[in-house]
Structure formats: structure tokens, C-alpha cells
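Annotated domain 'Ig-like' per Swiss-Prot: 1-113, in sequence order. The disulfide bond annotation in Swiss-Prot covers Cys22-Cys98 and rests on sequence analysis.
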Amino acid sequence: EVKLEESGGGLVQPGGSMKLSCVASGFTFSNYWMNWVRQSPEKGLEWVAEIRLKSHNYATHYAESVKGRFTISRDDSKSSVYLQMNNLRAEDTGIYYCTTGFAYWGQGTLVPV
């Protein structure tokens, strides 16, 4: 059974920082690109960041709205992906999901700013 479990959400003040974590099980994590996606009433579903494989030197890509503020990383030995969020803004409020190539999704974690 595939599982993606996010944690680390919670209330944060504007300008603050937060780190989200997602632990995966049920598939070979190191073989999958991983993404963070967020959902809000105002913007709907919005892709946030992507991290590729070791063979791609863990290349990362970001939405323009978070570039320079958010950092995605992964630890294949722990089957985990992370999202460090700095200088948070009200518009960053949403439910944050980790996903593979959009085939598998976690349950989401709420980040109210």
C-alpha cells in the first residue's frame, strides 16, 4: 500500500519560517521525482516545487511565487521529502501536499499564515 504522510504544518506568523516533512512507504522512493503542491480557496491547486533523482543531481524547480523563499530537499535513505519555507506570506496559506508524479498524494497538512 502506497502512503505519503505529511507533517509540520500549523499556524505561523507572516515573515516566519516552517519546515514540512513527508515520509513515503509502499514504493521505491528513490525512483520517483517528488513534488509539493498546495491548495487554497483563492488559487485552487498550485504546484510549488519539484525535486528530481540522484541521477539528476537532485535538480530542483520552483514556482515563481516561492522562488528564493522555499527550498525542497529529499533524503532517499529515509524515503522523505522536505519543504523549508521562509519569509512566509498570507498568500502562502493553504493545504500542502507531497506527491510523486501526481500519481500518489498524501493527506495534506494545513499551513495558515
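Just so it is clear, glycine is given a Cβ too, placed from its N, Cα and C backbone atoms.
Across the domain 'Ig-like' (1-113), DSSP assigns 12 helix, 53 strand, 48 coil. Looking only at the domain 'Ig-like' (1-113), the predicted model's pLDDT averages out at 96.
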